[in-house]
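Input: a single structure, listed below in structure tokens.
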């Protein structure tokens, strides 16, 4: 009933005011809070309300302004004849700051709205940086009229300088740009909040009422009795006299009380002493829907792998995901949108979800759900600002999450976007405790499996920030053939997977972390997901697709100082390892322990860092970023850095000189046992003496007599040239240890007993020679392979069972070992040189020198490319079937049983005299002079 009275009263004021105003406009008021003018009143009305006082002043021709005073016990309306001058050089009216006081100045304006007051004045304040229109030689009232009648944009606030006559119009106000509202340097500046742009919300508007505790203030503009807190909140949302942003509710003198006001916490805090504890009243704020949000402040929140289970008001099939979101953003009816990536359709909904456990969302691997959110003042140009993962929290990284004040998830997200102490990558909001925690990390901040989002014991949602720039300078990638990802947020064209990868690096709509390439139609599907984050059902097999994901990236910048080149490195994931100048891992290095930002000072002179200067004033070096203290792999980076102390673009090239390989030395064996030899060949089967870092190789153990004997391999160890470092590739059981570097041992050909394993070439820090040493044991007929569990690379936790022709130590009843020898072979590791990239800043820059990603490795597609999908149809692949092999061997054994029995007896007699033979080594070494590190 009260709200209808307010509407009737407001219409009555408008009719009466427009009839009396002689300028063709309407009489209205400008509000000044906590302001008491010096002139005395001519009439005092005790016990009046603010609305009644406003009506009395409008009806009284002598009233040009009034003062409304209130305290906890009484109110008073004081009518005055005070008139403020409208000249450019008007003297400042003395307004004494007085708590709990409203000063209302009556004015006549063209375009004034039906509000209790048309604007609120705050002297000496300004909204910094948001001037959409500037008018010179204006007056105070004409500036207000320019805002009210502006057609180019919705004017929400103005600033008027009475000294210069400058009028500034803005589409924003102190409520949606609170961080930029500050005290002006000019004493003549006056700021106005304009109330007319705020429309009454529609019936379906979703406004959230947030309780903020037992506090009260003396600034209620309209008061009601006998209404509950819920009814008071509804009155605030539907209020038409002014934009209601908060209210008080509780009991006063045993009566239910409701008091509405136009300001929120930020406005109240600006008036010291306004808020104080209350025993009977509670303070509430209104969080309005996106209906009243400026178009530039509308963003989206993503929930991946979900769709809204209600009927959409519109379905379109002619838009890509970006266009779909833009359409929803422009449509006032649209509150959320579900995108079907399989069918390519957009489902627009007039409602969204609210609670953390809203049951309207349904899991669906073909869909992503986007909901509108309002972030005033946020400069985020992404398709969505946050990804929301319900009932989850970030685990696996030891750090202290920062607790900040927030009463809603929107406030928590806004706090993350505006946090200054560190770059907030994720936030968590506890709905039960109204608790917000910020973190400088997210799911992708580590390659460790333990870093993930896990189920929470509380009602907590995890929010991942999409509004920051990830480092994209030098990246490692993983390629998986015959798989595709359904949830691709952007579709483009590309000639190759390399084209798609570059487009992923350059994507601006979201942080792109993977691409799916369709070889038939030459299209690229870009996505923010990796296998770690994507819903399991969204990654499926496809013979015509390739799936590539970006893992660790490094962004390198150089600061050229007087005596040093300071190299700064930013990573998108926690890095643990070392960074050093090429060739100087001991004298010019620093160890990094779980950091995303680190640096290395590289001296220009002296032998410590080996900086090259082939021309006066121009210096160059190579920065190596290495994830293992001892081993250099193709996943590490070597990046050229350059400093020029005079004008020019010349870049110094660093040549890597490699000597010719040495000769081999084979040892002889007795004719009764097969000759064994270790070989390192490329994918074409050609012997290699020098190989590229990261190149895919085949390490082969060949046997001269395959009819009588079998062999197996264990304890295959990689060493550097000096013997100071080693790394086990095949362990004592015969299974691979470092799967990323070497796979299981298998037969070279289906009918062969000679063995091989695939190796991705690497080297050790400070060395350019890789020596492989393996124990090879010989047994009669054949050796039983060992069963190994190794990761597939398709998913983080996915493993496969393989058979490896290594073997556990001999047990009772197993095949008898006739001989055990140690074979070794060395190979020179050479890094391919790359031309320096064009410098954006000629004086200092970083350029790639060695080791591209596995996609760029010559002679093959890289380890992950070859082995990620085990169910390949390639004719060159061979799957060992132990059952079939046993049947063939058994049949062969029955035919040759007599001959083999005689051989076995002779071999047993001979075995005792073969110890010297068993310890003999075959050795081949290849050396070069200058070492090459990095990749």
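Just so you know, the numbers here start at 1 and follow the chain as drawn.
Glycine is treated like the rest: Cβ placed from N, Cα and C.
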If you check TrEMBL, which stretch out of 884-907, 908-931 is marked transmembrane segment? 884-907
What does DSSP give as the helix, strand and coil breakdown of the domain 'Apple' (475-553)? 13 helix, 40 strand, 26 coil
Under DSSP, the domain 'Apple' (293-374) has how many residues in helix, strand and coil? 13 helix, 38 strand, 31 coil
The DSSP breakdown of the domain 'Apple' (113-196) into helix, strand and coil residues is 12 helix, 30 strand, 42 coil
Selection from 113-196, 475-553, 559-795, the stretch that has most Cβ pairs under 8 A to the domain 'Apple' (293-374): 475-553
